[in-house]
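Peer 1: Could you have a look at this structure, given as structure tokens, before my questions?
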């Protein structure tokens, strides 16, 4: 553990719609801390509603950082997020205050506590080669190439995961080593594992499913259609992460009059529930036993479970 890792941080993980943001605000008020986005989709601009970013009222209640600061035309990696967090934690005006990391991206939490893998530089020539092939041949074809050249990492990737497939091929060609080998070489952690309060929300599945349905209906009523219309006006590459946000494809189909309002909402709700299930499974299998599990944010404050790190 790095000596300059931040001590007494609060980490709040959990599936989408589980109440993480409300809990983070309550903790920020209790500690005088500040909230740091730990969700890979909430970094992108334009999609305030569809990515469930904090509302204006939320922002007025506590300081929030790293939300909506990336244009949807960009690709934002775990490494870039790590760099942004490192810079944020070094700001003088935030020294001595409790950082509260909240979100649903497990790899971000892993990087915070365990350090980031030291990734090699890839030449522009190699990068252009593989990205050109991806555009020409598609993810499935390049996944087949990866199966032959690096079967171990190919087995860990979905055949549709174009971004990670290209990255694995780039690294293999540039270094002669599998991306899996590079991922074993860790840098310094940003947060001290021992002193951090680590919380994971695991609400009742039926309750979460209903909450997801209500929330998406509210998103639709509050302007999700306008968000997607604004995103489509940018004429972005469909392969960009922001274009893959849940709800974008469904609302786009509604705008193109190829899907009814009811079907667009229903499909978005189903996709969100499936995503929440994948998140819950990841947190259950990947987080250590020192993460405390709660059914709700309210439960965290009951019975003296929460301790003010100040």
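Just so you know, glycine gets a Cβ as well, placed from its N, Cα and C.
Below are the features I grabbed from Swiss-Prot:
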- 14, 15, 16, 17, 18, 19, 20, 21: ATP binding site (BINDING)
- 16, 17, 18, 19, 20, 21: substrate binding site (BINDING)
- 39-42: region 'Interaction with substrate tRNA' (REGION)
- 105: site 'Interaction with substrate tRNA' (SITE)
- 127: site 'Interaction with substrate tRNA' (SITE)
- 163-167: region 'Interaction with substrate tRNA' (REGION)
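In the displayed structure, how are the listed features positioned relative to their neighbours?
Peer 2: Under the DSSP three-state reduction, residue 20 (ATP binding site) is assigned to helix. There are 23 other Cβ atoms within 10 Å of the Cβ belonging to residue 20 (ATP binding site).
Within the region 'Interaction with substrate tRNA' (39-42), the DSSP-based counts of helix, strand and coil residues read 0 helix, 0 strand, 4 coil.
There are 20 other CB atoms within 10 A of the CB of residue 105 (site 'Interaction with substrate tRNA'), with all protein chains counted.
Here residue 127 (site 'Interaction with substrate tRNA') comes close to 170: these same-chain residues lie at least six apart in sequence, with C-beta atoms under 8 angstroms from its C-beta.
In the region 'Interaction with substrate tRNA' (163-167), helix, strand and coil residues by DSSP number 5 helix, 0 strand, 0 coil.
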Peer 1: For the recorded substrate site, enumerate neighbouring residues of the same chain (Cβ within 8 Å of the Cβ centroid of 16, 17, 18, 19, 20, 21, site residues themselves excluded), in sequence order.
Peer 2: 14, 15, 22, 52, 104, 201
Peer 1: Please state whether DSSP places residue 15 (ATP binding site) in a helix, a strand or coil.
Peer 2: coil
Peer 1: Distance between residue 19 (ATP binding site) and residue 105 (site 'Interaction with substrate tRNA') at the Cα atoms, whole Å?
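Peer 2: So the alpha carbons of residue 19 (ATP binding site) and residue 105 (site 'Interaction with substrate tRNA') sit roughly 15 Å from each other.
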Peer 1: According to DSSP, which kind of secondary structure is residue 127 (site 'Interaction with substrate tRNA') found in, if we only use helix, strand and coil?
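Peer 2: Once the DSSP labels are grouped into three classes, residue 127 (site 'Interaction with substrate tRNA') ends up as helix.
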Peer 1: Cα of residue 20 (ATP binding site) to Cα of residue 105 (site 'Interaction with substrate tRNA'): how many Å, rounded?
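Peer 2: Rounded to the nearest whole number, the Cα-Cα distance is 12 Å.
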